[in-house]
Amino acid sequence: MSDKILVFGHQKPDTDAIGSSYGFSYLSNHRPNGALNTEVVALGTPNEETQFVLDYFGVKAPRVVKSAKEEGVDTVILTDHNEFQQSISDIEDLTIYGVVDHHRVANFNTAAPLFMTVEPVGSASSIVYRKFLEANVEIPKEVAGLLLSGLISDTLLLKSPTTHVTDHKVAKELAEIAGVNLEEYGLAMLKAGTNLSTKTAEELIDIDAKTFELNGSNVRIAQVNTVDIPEVLERLSDIKAAINASMTANGYDDFVFMITDIVNSNSEIIALGAHPEKSEAAFNFTLADDHAFLAGAVSRKKQVVPQLTESFNK
């Protein structure tokens, strides 16, 4: 096996998954003491928002891999995730050298000690930025741009309840290094990810989707950002058909789909599967035609997953 270490974010990568992995790979390769031989890769192609970021800063998208072993590699670093079902296909057969994440730790174990940093901040990119400072490694403009974009994406330009008090300082400093106006660039970037008109229903429910094991149930939780929830709901029947087909094909017990209005900071929730009552209890609403409005909800990590976890555990 090669001595190379692959660095990647989760399946169906978002901007933070790609930004944090790109940044951490660069840092790992340029540490003054103990540099590693890493390559940033991805577990999927960039979405429209992420492609906007890559084009803006002139960065080539990481190549997509399906299996580390097929690459002749047996050691990996994970960013923006830790749960095995969200990772590379052969994760259980690999050595995990390190993890940089800002999510819950679950369905994760290793046979050997590792470097692991998990913090309740707005993005994995925020953590990577601080690691640059700790290592005293200069951040190139394009790397700063990718890290900034990961933070903007995950916190909806610092408006999400997942935003940590330290993220504001991180965003300001990264914007200065990247040479962008935080507000202007952030809005343009977020809007680039809201063009859903060209997406099929099958693509919509798969743009940003993660699988969670909740008390023995396999629950898929997906999210799309928009500036017009009613426009998306015009396609409700097609979306529900796509969700049902996905559950059948992939063995999901339940599927929760968040349609998030990034302007007004609300979401519409579509919930299908074996336990719709768990969603109703989690969010204290009543589903009508399998969907309901959830005021103030923009974060899957903080406003959906914990509530569903508690509901499924009852």
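Every residue gets a Cβ built from N, Cα and C, even glycine.
Of all Cβ atoms in the shown protein chains, 30 besides its own fall within 10 Å of the Cβ of Asp80 (Mn(2+) 1 binding site). The Mn(2+) 1 binding site annotation in Swiss-Prot covers His10, Asp14, Asp80.
Mapped onto three states, the DSSP output places Asp80 (Mn(2+) 1 binding site) in coil. Look at Swiss-Prot and you will find Asp16, Asp80, His102, Asp154 tagged as Mn(2+) 2 binding site.
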Per DSSP, to which secondary structure element type does Asp154 (Mn(2+) 2 binding site) belong, with helix, strand and coil as the options?
helix
If you count CB neighbours within 10 Å, which one among the binding-site residues Asp14, Asp16, Asp154 has the smallest count?
Asp14
Among His10, His102 [binding-site residues], residue with fewest other Cβ within 10 Å:
His102
If you measure Asp16 (Mn(2+) 2 binding site) to Asp80 (Mn(2+) 1 binding site) at Cα, how many Å is it?
7
Take the mean position of the Cβ atoms of Asp16, Asp80, His102, Asp154, the recorded Mn(2+) 2 site. Which other residues of that chain put their Cβ within 8 Å of it?
Asp14, Ala17, Ser20, Thr79, Asp101, His103, Gly122, Ser123, Ala124, Ser125, Ser126, Gly150, Leu151, Ser153
Sorted by sequence, non-His10, Asp14, Asp80 residues with Cβ within 8 Å of centre, Mn(2+) 1:
Gly9, Lys12, Pro13, Asp16, Ala17, Ile18, Ser20, Thr79, His81, Gln86, Ala124
